[in-house]
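Pulled from TrEMBL:
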{"type": "TRANSMEM", "residues": "7-27", "note": "transmembrane segment"}
{"type": "DOMAIN", "residues": "35-226", "note": "domain 'ABC-2 type transporter transmembrane'"}
{"type": "TRANSMEM", "residues": "39-62", "note": "transmembrane segment"}
{"type": "TRANSMEM", "residues": "83-104", "note": "transmembrane segment"}
{"type": "TRANSMEM", "residues": "116-137", "note": "transmembrane segment"}
{"type": "TRANSMEM", "residues": "149-170", "note": "transmembrane segment"}
{"type": "TRANSMEM", "residues": "207-230", "note": "transmembrane segment"}
Amino acid sequence: MATKGELVVAVIVPLVFTLGFYLPLKYVMQFKGIHYEQFVMPIIVLQTMSFTMMSNAQLAAFEAMTGLNTRMQTMPIGRMVPLVSRQSAGFVRSVVSLIAALAWGHMIGFRFVAGWGQAVLFCAFSLAVGTVLAIGADGLGSLTKSPESLSQALTLPTLIFGMLSCGFVPESGFPAWVRPFVRNQPISQFSFALRDMADHGVTWQVFWVPLVWLIGAAVVFTPFAVWASVRRS
């Protein structure tokens, strides 16, 4: 289960993301007529979910490195118990982080204006993204058995996909040659859907692409994480 210290960090991390992402570009985007608190909130939430991914990966790597997984396999418990327990703790962290992110976002002016149904969908989809990413990261952690190298390996793609996305700036803010990648990569697609859920309600035309990305990731990550967790060293 998530410890009190982890839950405190889960509250602080969204504040760091909110201040770090919102303040530097607030006035530039307002000059362009963009309500930046509404625009940037999806990427703040997604980066907050990446915190759960990192935490799960670190925990899985630590358990594999110390031999806890091997010892658990000799005990009369289900083979899926370690993986499920890590995911349960990760889900608790995700819920706490999401609540904190929305609270900090409310303070900078973010609002759900599309109704309660879309707000619930926003939260559910955010948690689904966080869970799928955590499952994949858990598998990597179980395989690498090195928390230090795993942290470095996950930080770079997270940074690249985050910065080269439409989460921080509109597609028009990127050079023409990189726009196809920026527009179609999963973080941008997740941002589009979450932004619409918060603003005027997401349509199926917008939602089906990020949903395909999410389902595809789940189809790949879930069996990989199960295999990495239950295999014998």
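Every residue, even glycine, has its Cβ placed from backbone N, Cα and C.
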Counting only pairs 6 or more apart in sequence, are there at least 3 Cβ pairs under 8 Å between the transmembrane segment (207-230) and the transmembrane segment (7-27)? no
With Cβ-Cβ distances below 8 Å as the criterion, list the same-chain residues six or more beyond the ends of the transmembrane segment (7-27) that contact it, or say none. 36-37, 40, 43-44, 47-48, 51, 92-93, 96-97, 100-101, 104-105, 108, 168-169
Apart from its near flanks, which chain residues at least 6 from the ends of the transmembrane segment (149-170) lie with a Cβ under 8 angstroms of it? 21, 25, 29, 34, 40, 42-43, 46-47, 50, 53-54, 57-58, 61, 137, 140-141, 178, 181-183, 185-188, 191-192
